[in-house]
Each structure stands twice: as structure tokens, then as C-alpha cells.
Amino acid sequence: MAALYENKMMSSGENLLTATVPLMKLLSLTVIGLVLAHPKAQMIPRATFRLLSKLVFALFLPCLIFTELGESITLQNIALWWFIPVNVLVSTLIGCFLGVLVVLICRPPPQFNRFTIIMTAFGNTGNLPIAIVGSVCHTKDSPFGPHCHSRGVAYVSFAQWVAVILVYTLVYHMMEPPMQYYEIVEEGTEIEEQPTNDVSRPLLVEAEWPGIEDKETEHSKTPFIARIFNSISSLSQTNFPDLDLSERSLSSPRSIQCLAEPRVVRRIRIVAEQTPVQHILQPPTIASLFAIIIGMVPQLKAFFFGYDAPLSFITDSLGILAGAMVPSVMLILGGMLAEGPKDSTLGLRTTIGITVARLLVLPLLGIGVVALADKLHLLVQGDAMYRFVLLLQYTTPSAILLGAIASLRGYAVKEASALLFWQHIFALFSLSLYIVIYFKLLTYI
């Protein structure tokens, strides 16, 4: 009996060690980046981290997605993995409800209500989960068995396209400057625009979307939807730049069609035309698309993947580049944290509320969702990594990409910077706690 109790204690200790060591590895990489980018040391200038973020965005991450997802995915796997993108939608929906509760309880400044909901709802579904999976699998005694890294990266990559669509549609419009806030700014003398190559721009702005300053449009920093759906036309005409909607509709050949459209339908169409859906086709998304197409066609897959594949030298080369993705991402995160929190008018209570809802409450609800899905036989049977990735989607802090969207829309940039800083600091503890819990639960769900 004593021997059995001792074996249980040893097993519990091994599980705890197995769960915490991967995060300690990531923490070590982050600390190195923090030390290198610290303002007092300045061993590596900020421009270097910006260049590194561009390499991750345009090269390292697409290479990793293509090599791992392309080799793992098949037409049959797409049918088996369908719950992964659905889980992103479920986690976002639950996060939105939690965000509404945070607004009701913490009562942030009115202009930050939508910002609070978005920052609570949308977590990091790409770089950070890939880094965690890579670190968990980077051990001889991986708890997820053989091909741990390939399966984990494939699962995370398969969910990214849903998150990208949500960011460039729903999040883009939700991060629109509120009309009242825009009017207050317009009453001032002049708005100073930051130069496109401003070195004072926070690193998080370009951490996951380099070159964002080139994506600004005529209406990206205006309450475009608020004006379109504003029922008081005189107010919109005096406070906002003219969109020339009437002239365009009368001068175009489709004028009769436009006039025949119901007013609400026409407004929705105009908003849809201004939605930057073209930004969805970023290098990581294109790599995912190519990987899925090649993976679904066995004849194409045989050319790229396999020991005797004619083009295996290309995938091997891409695999070498992909190996730089995880350390680069963690170094960039360290550089972002080295900048420290920016001044924020969000309020301490709201900052704590978003952090607690996102990093403590949402993972608990995620455990319930994944357990229920397993009971309903919606998940791949006997695949612990599949469940681990699903749980991670509820556990990560808010997406760093939200900081870039805030900068693009000119809305709550400093608040996003400060909130992302404190969330990632607290995530060191919450991720450690929940990964230990997940490792325990994966033997039961």
C-alpha cells in the first residue's frame, strides 16, 4: 500500500514537472528578449525586433504552417478536425458574453465599452499556442506520444483561418472609434499624425502585422459605420468627411439598382465594401491555404512530403526556416514587454476585470465546453493533443494583433498596449496553472 502511494506521489510530481518545464523554457526565451531590448541596456535596437517580427510574419510562420499542416492534413482529417474552427467561434462567443459582464460590473469609460468586449473575447490563437505546443513536445518523454509537434502545429494552424476572418471583419469594425469620442477629437485644433516610420510606435503594433501603416484607408480612423447608420443626416454631414455616396450612386450605371435597394440593405452593402477582406490573404493564411490544397490531393502531396518525394528538398529547407519561429516569437514578446506598459485611461478595475475574465474564468468554461463535446462524441477519439489544443484556445491572453488593429483604427492604442502588457505578465502564472490542470484532466476527458 505504501509503495502504491509512493508511486502515485512520484507520478503526480512527474506530471507537475512535465507541465511546468515547457513554460519555463518559453519564459527563459522571453527573459532573454526582455534583457536584449531593455531600454537601459539596448543591446539590440528596437529596429532589429521590428525586422525579426517581419521575418516571423512573412517567412518563419508560413514555413512552419506549410510543412506541418501540409504533411498532416488529408481530406479525411478535415472531416475529423471540424470542431477545431468551431471551437474558435464558441470561445469567441463566450468571451463576448464575459466582456459584456465586465462592462456591466467594472463600468469602464463609455468610449472603451466595445474595446473591453473585444479584448476579453479574442485570444491568441496562433503564435503563442504554437510556441507552447513546440515547447511541450520538445522533450523525449512527451506526454502526447509520437508526432506530437506535427499534430499540435497542424491543429493550431487549422484554426487560424477562422480567427483571421473574425479579426479582419468583426474585430475591425468593433474597434471603430466611437462617434462621441471622434466628435470630441474633432473639436480640437489639429490632430497630429504619427509618421509611418516613427520609432516611438509600440512594438506590439507590428508584432503580428508588420507594415500596418501601409494598410490605412480613407475611413480606417473614422466612425464609418456610425455615420452610415446615423439617422440624423445633418449631424453626419457636419461632423464627418463627405463620402459622396449619393453622387456615386447617381453617376454609376447601377443607380437604378441602388435606388431600388432597401435603405438598410444598401448601408450594409456599403459597409461590406469598406471591410478590408483583402487583408485576410496574409502570408500565414496563404501558407495554410496551400497546405490544405496540397494535403487534400494525394498526387500533389506525394511531390512535397515523404522520404522519396521529388520536392522533399524544398520542404526540408522550409522546415529548417520553420525551426526559427518559436524562439523568434518569444524574443519578440520579450522585446514588447521590455517597453513596459503605456499610460492608460481604461482604469485599474476594468484592466483587472478583463484579465480575470480572459485568463481565469474563460479557461474554466472552456473545460466544460471541451468535456461536453467529448461526451457528445464530437472530438477525435483517443487524441490528447487534439483536446489540449482545444483547451489552449480558451487559455491564452488577448491577441497581440488587437494592438495592431487598434493602431490601424486610431482607437485605444495606449490602452491596448498597457492591457496586453499586464495580461502577458499574468499569463505566466495562469498558463502554468491551467496547463497543470489540463495534463491532469486529459486522462479523464
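Yeah, the Cβs are placed from backbone N, Cα and C, and that goes for glycine too.
TrEMBL labels come from automatic prediction, so no person has curated them.
Feature annotations, reproduced from TrEMBL:
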{"type": "TRANSMEM", "residues": "16-37", "note": "transmembrane segment"}
{"type": "TRANSMEM", "residues": "49-67", "note": "transmembrane segment"}
{"type": "TRANSMEM", "residues": "79-105", "note": "transmembrane segment"}
{"type": "TRANSMEM", "residues": "112-132", "note": "transmembrane segment"}
{"type": "TRANSMEM", "residues": "152-171", "note": "transmembrane segment"}
{"type": "TRANSMEM", "residues": "286-306", "note": "transmembrane segment"}
{"type": "TRANSMEM", "residues": "318-338", "note": "transmembrane segment"}
{"type": "TRANSMEM", "residues": "350-373", "note": "transmembrane segment"}
{"type": "TRANSMEM", "residues": "385-406", "note": "transmembrane segment"}
{"type": "TRANSMEM", "residues": "418-439", "note": "transmembrane segment"}
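By the count of Cβ pairs under 8 Å, the stretch nearest in packing to the transmembrane segment (49-67) among 79-105, 152-171, 286-306, 318-338, 418-439 is 318-338. A contact between the transmembrane segment (79-105) and the transmembrane segment (318-338) is absent, since fewer than 3 of their C-beta pairs, 6 or more residues apart, lie under 8 Å. Through the fold, the transmembrane segment (418-439) approaches residues 15-16, 18-20, 22-23, 27, 119, 132, 136, 143, 204, 333, 336-337, 339-344, 346, 351, 354-355, 358-360, 363, 367, 388, 391, 395-398, 400, 402-403 of its own chain, all at least 6 residues removed from its boundaries and within a Cβ separation under 8 Å.
Sequence-distant neighbours of the transmembrane segment (112-132) (same chain, 6+ residues past either end, Cβ-Cβ under 8 Å): 22-23, 26, 56, 61, 64, 88, 91-93, 95-96, 98-100, 102-103, 106, 152-153, 156-157, 159-160, 163, 166-167, 171, 174-176, 178, 208, 284, 325-326, 329-330, 345-346, 350, 353-354, 357-358, 362, 389, 392-400, 402, 406, 411-412, 415-416, 419, 431, 435. For the transmembrane segment (318-338), the residues of the chain that approach it from at least six positions outside its boundaries are 26, 29-39, 44, 46, 49, 52-53, 55-56, 59-61, 63-64, 66-68, 127-128, 130-131, 134-135, 202-204, 207, 400, 420-421, 424-425, judged by C-beta separation under 8 angstroms. Of the candidate ranges 16-37, 152-171, 350-373, 350-373 contributes the most Cβ pairs within a distance under 8 Å of the transmembrane segment (385-406). Within its own chain, the transmembrane segment (152-171) is flanked in space by residues 64-65, 68-69, 71-73, 81, 84-85, 87-89, 92, 118, 122, 125-126, 129-130, 133-134, 136-137, 144, 275-277, 279-280, 282, 284-285, 288-289, 291, 385-386, 388-389, 392-393, 399, 401-402, 405, which lie at least six positions past its ends and keep a Cβ under 8 Å from the stretch.
Only residues 6 or more beyond the boundaries of the transmembrane segment (16-37), in the same chain, are considered here, and those with a CB under 8 A from a CB of the stretch are 43-44, 46, 49, 131-132, 135-136, 138-139, 141, 143, 326-327, 330-335, 337-339, 428, 431-432, 435-436, 438-439.
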